[in-house]
Amino acid sequence: MRRHLQQWCKSPFFPIALAVIVIWIKTVFAYYADFSLGVADLLQFFLTLFNPIGATLLLLSIALYIKNRRVAFWVLVIIDLLSTILLYANVLYYREFTDFLTVGTMLGVSKVSRGLSGSSIMLMKPHDIIYWLDFIGFGLFLIGRGLMHIRPLAQITPVKIVNFFNKPALQLKPISTLQAFAVTSLATALFSADLSLSEMNRPQLLTRTFDRNYIVKYIGIDALTVYDAIKTAQNNQVRSQADSAQLDDILNYVHQNYAAPNKKYFGIAKGKNVIIIHLESFQQFLIGQKIDGQEVTPFLNSLYHDKNTISFDNFFHQVGQGKTSDAENMLETSTFGLPQGSLFTTLGSDNTFQAAPAILQQQQGYTSAVFHGNVGTFWNRDNTYRSMGYDYFFDKSYFDASAGSSMEYGLKDKLMFAESIKYLEQLQQPFYAKFITVTNHFPYPLSKEDTNFPSAGTDDDTVNGYFQTAHYLDQAVQEFFNYLKASGLYDKSIIILYGDHYGISDSSNKALAPLLGKDPERWNDFDNAQLQRVPFMIHMPGLPGGIRHTYGGEIDVLPTLLHLLGINTQNYVQFGTDLLSPQHQQLVAFRNHDFVTPKYTYTNGKIYRNSDGAIISDPSPKLQKLIARDQAKVNTELSLSDKLNQKNLLRFYTPPGFKPVAPKDYDYNDCYQREMAINQRLGDHSTSLFAQNHDKSTTDLYHTDAPELNGKTQDITDVPDSVKNNQDSEQSQSTTSMSSSCSN
Ligand code: GP9
Ligand code: MN
């Protein structure tokens, strides 16, 4: 055994193997001691152990090609050192921002970039020594061997030092290029195996880029950095070719496309709080749907038919690969998501936005906030919201995430709404508050305690679960509405509810068909397209409501909302139009360039007649012309929106009266403390619900049957300790740096 070990130590591959092992230990240590990667199953656990090996070996194998063995040795050491520096910088950065470093942040060019502050030393922990043990050991080795070699110390000469560094111990043993190539090939094979397993566990990992946490969990930090560098270089290249003249055709298009507000509704909600309820994966067919004679979503059904709700029954989602984040982007900016990937993750950190929170803040003094039970890094929300000018972002860290309260995508909806109240009541009014639900998310799991709703009884578990989680979501929204009414917020608010995208994918639609009264055998592309309808409801006490049949989509929400609030949209670059305007054109573009109009559906190269779903295989010249015209418009609006976003052209255009957002002014580490400080500072002038309630919390008005809370209101009232502690340390910094962005 000992002989084997000695022989192994003499092998030419020993130094590189040792370096791989050492970096592997440090990386896995960081994964579990310093990062929270959200490892959810055995394969993910295996991948966290496996992913550092291939990437590290690949990097280190560079040294093997260097013929000068002394140089090769030091290149190996330097690669090891750079890897360690990258890892450790990420550890420190993660401790402060719960996110990983991007190339933009490292180079200090990212607009939201928050480099490590002078307080980095404060972020260090005793166990950090583990990250440096190999270099400490190597340093001691050098000193020890050096002292032995260069004795007596008084007689050190440059020649002796050079001789020392010429020692075989500080050189790589010679190997052939073929052998080096074999190592690189092995590394590539390991890395590819890791990628394939990752893709199995999380399809479209690299095309959709959900979260940097995910990329690290699946393929590691080195790979994340290289991936990010490539993306950054691509983005920069596209942007560097841009100039303000490229905006001309975009501005022409949006001006021509502009739909003037409907006088009856313009300003009808002026000064009201805006509450957006983002219904995860919620499709229109759920409205009115029954399982075993029971309504799936009785509360939302009643809201849909309420005399104070404007409901739309021909409203479509228009998302691409960015799913939720694409829906959010359309709602906040009225521009489309990207043809590939998520705009939030690709461009959210750096692009110039003229988004709802900033428009509302600047035009009418709104305070803005997002409530969402998932980690802030998902879809790069933590950075994108800053670029958009959101004052507050209450992510998972603001809620009690104790065991059983969360599922894969975050806190269960009933808990998220209930635990949001203590933050909501502190916001200055009017506010623009968005609640993003998650429980109704694929694959629709729900524990028995959370539902007694019957299963749909199909062969497809996804379909069966979908109705149960949708029912749960319906109850969660109802509990929230009850609170809004009890607290008085209801009378001061306009409430928008919308479904972000499909929940049942095309592959499961056949299992769903019988429940919708359709024949699965005759199910086709037309039916799939029709099923992309999602609810869009505008509810406000006193609003003249009704169900409207106007065709439209998510791109149209922002101009519709701004007009209701009495804000002129003419000077903004928005691709949608007010759904209530008589000038609204009823052509709905899907992200893949298919489209729907009131009469026809064009999908997968075929024209269908909406009235009976028949394929029109031999269209008349007139219809051909009509379809070609619609297709051209769809292509134009998608490509102009892509050009605007990919080239970041809004940096060249500031609408009159608009002040560009400075992302660096926003920080979401101390939201609770900040909103309370503003409340205190404003004293009698504070417009928060808390102040209006004579500095008394309204959380006792919240009632939920969530089993996790077991009737106790304590979790609803109490701020988690981590948030309190966070606040203490952030206090001084926040009250000064943030007062400008939240000073209403
Ligand atoms: C995650 C949630 C889900 O935070 O919004 O995103 P999705 O997978 O639906 O895009
Ligand atoms: Mn979603």
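Every residue gets a Cβ built from N, Cα and C, even glycine.
On a predicted model such as this, the values are computed, not experimentally measured, just so you know.
Together with THR324, ASP500, HIS501, the Mn(2+) site in TrEMBL holds one more listed residue from GLU280, GLU295, GLU449, which is GLU280. Between the transmembrane segment (129-148) and the transmembrane segment (45-66), the number of CB pairs under 8 angstroms, six or more residues apart, is fewer than three, so the stretches are not in contact. With HIS441 (substrate binding site) as the anchor, the candidate binding-site residues are GLU280, ASP500, HIS501, and the one with the nearest CA is GLU280. DSSP classifies HIS441 (substrate binding site) as coil under the three-state reduction. Here the domain 'Sulfatase N-terminal' (272-567) returns a mean pLDDT of 96 for the predicted model. Cβ neighbours within 10 Å of HIS441 (substrate binding site), excluding its own Cβ and spanning all shown chains: 21.
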